[in-house]
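Pulled from TrEMBL:
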DOMAIN    608-803  domain 'YrdC-like'
TRANSMEM  7-26  transmembrane segment
TRANSMEM  32-52  transmembrane segment
TRANSMEM  64-88  transmembrane segment
TRANSMEM  100-121  transmembrane segment
TRANSMEM  126-147  transmembrane segment
TRANSMEM  209-230  transmembrane segment
TRANSMEM  297-316  transmembrane segment
TRANSMEM  349-369  transmembrane segment
TRANSMEM  438-456  transmembrane segment
TRANSMEM  468-486  transmembrane segment
TRANSMEM  498-521  transmembrane segment
TRANSMEM  526-547  transmembrane segment
Amino acid sequence: AESLHSCIGLLGISAGSLLLAVHFYSSPRASPLIPSTALGVLLLILSALLAYAGIRRSLRNASLLVSLCLTLSVFWCGYGVILVLAGQGVLAEPGDFRHALVPGLATFTLALLLVAVVGFLCGEPVLALVAAAVSLASAHEVALHYSSSLGPSAVACSHLVVCLVGGYFALGRILYFLTKGKVALPGTDLAERKAQEQSWGSAGSTNPFAAAGLLLNMLSASVFSCRLLGVTHKLFLGHVPWLWAAGTYQIGICVLSYRAMDVLMATAFGFTSILKFAGGYSLLYPIWQPEEPSFPTPFLVVFSILFAVLALFLFLQSPVDGLYLLVFVTYSIALACSPRGFFAGGPQGVAVAIFVASALVTLIHLYNVRARARIPTGRGAVKALLARSSLLKLREGPDLHAPYLGYSKYADAEILAYACSVLASFALTVTGDPQAPLATVVIPWVVVAGGILKLLGGSVAFARGKTLESSAFILYAVMWIIWGLTRYGGLYGSTRSFHAAVGIVAFMLFNSFIVFCSLFLNMAWFFYSLTFMLIAVSFLLDAVHALPAGYDVAATLIFGLVSFYCFLAALSSSTLEDCCLPMGRPLVQLSGVGAGTTKCLHLPARKASSVKRIADILRNGGTCGIPTDTVYVLVAACSRPDAVEKAHRSKRQAQDRPMSLWISSLKQLEPAKHLFSPLLWDFMEAAWPSPISLVIPRGEWVDFLGMKDSAKYVGTPQSVAIRIPDCSVTTHLIDLVGPIVVTSANPTGEADTTHHNQVYAKLGDKVDAVLCGGPSPENIASTVVDCTKIDSGNVGFFRVGIIPKSQV
């Protein structure tokens, strides 16, 4: 798979370059070989392929190929849309095609040059040569648009270089496979490169997507910078593909940053994507109205505050990134001070600063991903400074992003979700012109921030086991999207008022259930969901034309302030230790409800370090829930009678369901082999490892396992159930701890637990840790065989489980 995605990436780049080479070679002709519309569609297909290759490649190891694939993907995406618009006659005026392309071409000339420089410095000659050739082609194309003396053949030659490098790479891979690895051309041995990446991985950046996200900031800033510098003569529809492509990809980078466990940079990318969609909306608006749209000042002031708070916390993690975000604080303030918004010279001047700052920070991230000697970002100095402070301490370690329930591949996205609530609520303070609802730039703030990004936050919360929070975020996101498009998209009229009111009442009923459930969560969530009810009431009153003056502003301010407090609380708790704003205790505490406040550890079963931690807990007298070859079980170490007694009490073990004994190998019983009959020993050898528990007579063999006082809790006075599980995780744990006492991970009389979430829900406050392995491989427990009379030729069955009688 590693080789496949690398090959897809490089060969996809070569295919796109070949198309562009043919296009520019044939452009002097009256009819090009590839029409603009067809070329645009083909580039869009290749951009999707490159995005897939970059994302799939990056899920394994950080590589420069990730940044190259994602950068070229967004480049060809925007380029392809502009070609389609030109082919369909949308960019009909003289110079429109040039003005549309130049900001993107200039950006990617510099961006790919940075990738090429880092590639040469870090020993990636193939990738560096590809990036340099595409950068040179983009530079030639910019020159071609401003000077007719440079023919299109120069652009085509640069693209042909990329094709030749791609052909070299393809030849190297073919020779590698045909000779079974004996012949590998320089730069095409992916196995060697993978070994280098794994050896350098610990020194690299923790977020391989950050560089690509920063390049997207360069792209959007370039659109407005070119207008200020006179490179383009106007801002118009032709620039929207660059802005919206950058915004769409940046939302994707936001999700991938959560996958890389980088909460703060993911939040920053979510914020900047909103600006890109707002900029695109502003340039799109003059299509149907001659005047420029107006901008809501309160919203932009709040946005600058959110940027400033995020920059402060990001400074503690990476001072360079924190200082970089201050440029966006300035940008938001400049937009708030300019009635013309993106069309004014002030914000465009700040866009120039964003372009330069983004290029510098991108270079740092690109280099630190691959280089052994990293460019210092100031993190060590801040960490040393905070080490002297008794008030502030950064959260670090393996449990930094521990999920609420079990194992999750994503970090927590609640910070972004709360911030989007703040943005959407303050955007509603703008009344706008009822006759021209689109004239005020509100839809991007409400739909993108309150809707799309909150849907993202709800999806990530669901992946982390936060069922109530995810339901609320998704419900509120749908509400913001529908109401934002209806109220501020010109779809709202008197004929729709009744139907809108009925829909809002349905949303209020759903939210009432969320308010009720939040009583068992914490106080902050109760007020968060309750104040959103005020927002829904204002929507309802507006729909029936009975909204009192000032009510909607008051409701949005209250909800916005509560959301801002939740934003600060989530931000501080994810960054700092012992310096967190409290979310409050549950207002209603019932037995078995609100167990999320317990200290029960959740450790992923796929990690050997997790199994070692579970073993340490068991050796120290703890009880744990673990996965097996059947259902989840509750275990304690035989060497700790106190832990066995604790497991017995927490389970409320019934007398007719005694606890059983598990070992990892028959070698543990070898010293007592003479105490077993030959038939029983042969049967144990034949039956194990498997989901078959054998009930055998109790005897002196029990003492050989070091059970001591634990023996009285295991089995009955006459017999003991013993098993070797057919599960590598479980047997490895037994090798570390010794024999363990086992019982099902559910209160007596209830159904077996088939997921670590169920273990947490049923016994979360009674166990010390849960080893999370996801769904059980089977939904049926083991088969329990009575072997007390096996020597007389008879076996019985206490329970027929996953193994049928005939197989036994």
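The backbone N, Cα and C atoms fix where each Cβ goes, glycine too.
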**Message:** Quick check for me: are there 3+ Cβ pairs below 8 Å between the transmembrane segment (126-147) and the transmembrane segment (526-547), leaving out pairs under 6 residues apart?
**Reply:** no
Contact set of the transmembrane segment (438-456) with the rest of its chain, CB cutoff 8 A exclusive, min separation 6+ beyond the ends, reads 247, 251, 254-255, 270, 273-274, 277-278, 281-282, 285, 288-289, 291, 293-296, 299, 341, 413, 416-417, 420-421, 423-425, 427-428, 430, 432, 473-474, 476-478, 480-481, 483-485, 488-490
Spatial neighbours of the transmembrane segment (526-547) not adjacent in sequence (6+ beyond its ends, CB under 8 Å) are 421, 425, 428, 472, 476, 479, 483, 487, 494, 497-498, 500-501, 504-505, 507-508, 511-512, 514-515, 518-519, 555-556, 558-559, 562-563, 566, 584, 587
The answer for the transmembrane segment (64-88), taking Cβ pairs under 8 Å and residues 6+ beyond its ends, is 6, 9-10, 12-13, 16, 35-44, 46-48, 50-51, 53-55, 57-58, 96-97, 100-101, 104, 108, 111-112, 115, 118-119, 122, 124, 127, 130-131, 134, 208-209, 211-212, 215-216, 219, 237-238, 241-242, 245-246, 249, 253, 366, 369-370
Stretch winning on C-beta pairs under 8 A with the transmembrane segment (349-369) (pool: 7-26, 100-121, 209-230, 297-316, 468-486) is 209-230
The predicted model's mean pLDDT over the domain 'YrdC-like' (608-803) is 83
